[in-house]
2 protein chains.
Amino acid sequence: MERLQEKIINEGRVLSPSVIKVDSFLNHQIDPILMKEIGEEFARLFADDGITKVLTLESSGIAPAQMTALSLGVPVIFARKRKSLTLRDHLYTSKVHSFTKQEINEISVSKDYLSSEDRVLILDDFLANGQAAKGLIDLVEQAGASVAGLAIVIEKGFQEGGQLLRRQGIRVESLATITSLVNDTITFKKEEAPFV
Amino acid sequence: MERLQEKIINEGRVLSPSVIKVDSFLNHQIDPILMKEIGEEFARLFADDGITKVLTLESSGIAPAQMTALSLGVPVIFARKRKSLTLRDHLYTSKVHSFTKQEINEISVSKDYLSSEDRVLILDDFLANGQAAKGLIDLVEQAGASVAGLAIVIEKGFQEGGQLLRRQGIRVESLATITSLVNDTITFKKEEAPFV
């Protein structure tokens, strides 16, 4: 998605060869028009998949998930993230290890909002090691629902999450795939030359 | 806002005379079409106020803030919530006491995204004691920016937040104001009779 790549080039800050911050339009400040375009693109990609719910993780997934769900005409659910859950009643729960923050979070969804009838589009802002995606897939499977695919805003193609998930036969659609951040240079998949 | 009141009546769960859960369309599962209508209504109410940013608090404020900002054509910022901040560099921070959860959170916004030029619409899902609103106003004031008003999805009119803020001269627009939850009966402001 060209406009997303431009935004990443113009506003992304490369903090290390594996970390890029996009706080100006996705993770802290949000560009609502870009979110609308992202939502429309995901809705187009998954238009024929019988999606009944969009599932995301608080907080950065919520804005693109809202726009995707609006375009698809289905509800969103955002899984909650906690250091540790005090109550597990009536919840599907899973553990997610964050490599960036070096912490383990429990994520959860109420049993009220996922059922075996659901065909779920999982949406997240980033895909890197795939830990969050694995946790969200686990929640969907606990509910006996099916995963239609993963809608990812930015994939770090140089980390193994995308490859692992695709090998499992899961459809992963990423709107921008970064193949390298080495030397403060953001390189995208399928680009002829890196943007500098 | 009639459709919001209907949703609250049909799907809200009164847990005590002061607590109502609206997890089916606002706080966990999200109704994206209702969020669009909420966004359009806030944009209409604040159309002439020169808003440059919409500021909300993760996580439940994000979807209605995204839709409001999309209608107004300005960015959203979501303040982050933490038990305690480890780094305060380059952040505006404030403390928010949650009576429901009996905990104190620190909320923060990067100094990159609020400046003295900004005219800010603060948006939140609920207004009860006004603690979150006070914290968000504090962040705006630290930046030297001005508060255009508060956009509240659901106000608990039987708690003092709204009254305190209005007495300070702050414009508060609530799309549904609940005046009582006694006897499991949801009563709205300006309704002739309570809905049961």
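Cβ atoms here come from the backbone N, Cα and C positions, even for glycine.
TrEMBL annotations: computationally assigned, not manually curated.
Noted in TrEMBL for the protein shown:
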BINDING   B:N27, B:K156  xanthine binding site
DOMAIN    B:34-157  domain 'Phosphoribosyltransferase'
BINDING   B:A128, B:N129, B:G130, B:Q131, B:A132  5-phospho-alpha-D-ribose 1-diphosphate binding site
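A map of TrEMBL features onto the structure.
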residue : record                                              : DSSP (3 states)
B:N27   : xanthine binding site                               : coil
B:A128  : 5-phospho-alpha-D-ribose 1-diphosphate binding site : coil
B:K156  : xanthine binding site                               : strand
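Rounded to the nearest whole angstrom, the C-alpha distance between B:N129 (5-phospho-alpha-D-ribose 1-diphosphate binding site) and B:K156 (xanthine binding site) is 8. The closest partner of B:K156 (xanthine binding site) among the binding-site residues, by CA position, is B:A128; the full candidate set was B:A128, B:G130, B:Q131, B:A132. Listed in chain order, the residues near the 5-phospho-alpha-D-ribose 1-diphosphate site other than B:A128, B:N129, B:G130, B:Q131, B:A132 are B:V96, B:F99, B:L127, B:A133, B:K134, B:Q159, B:G161, each with its Cβ within 8 Å of the site Cβ centroid.
The Cβ neighbour count for B:G130 (5-phospho-alpha-D-ribose 1-diphosphate binding site), using a 10 Å radius over every protein chain in view, is 23. Cβ contacts within 10 Å of B:K156 (xanthine binding site), excluding its own Cβ and spanning all protein chains shown: 22. The average per-residue pLDDT of the prediction over the domain 'Phosphoribosyltransferase' (B:34-157) is 95, rounded to a whole number.
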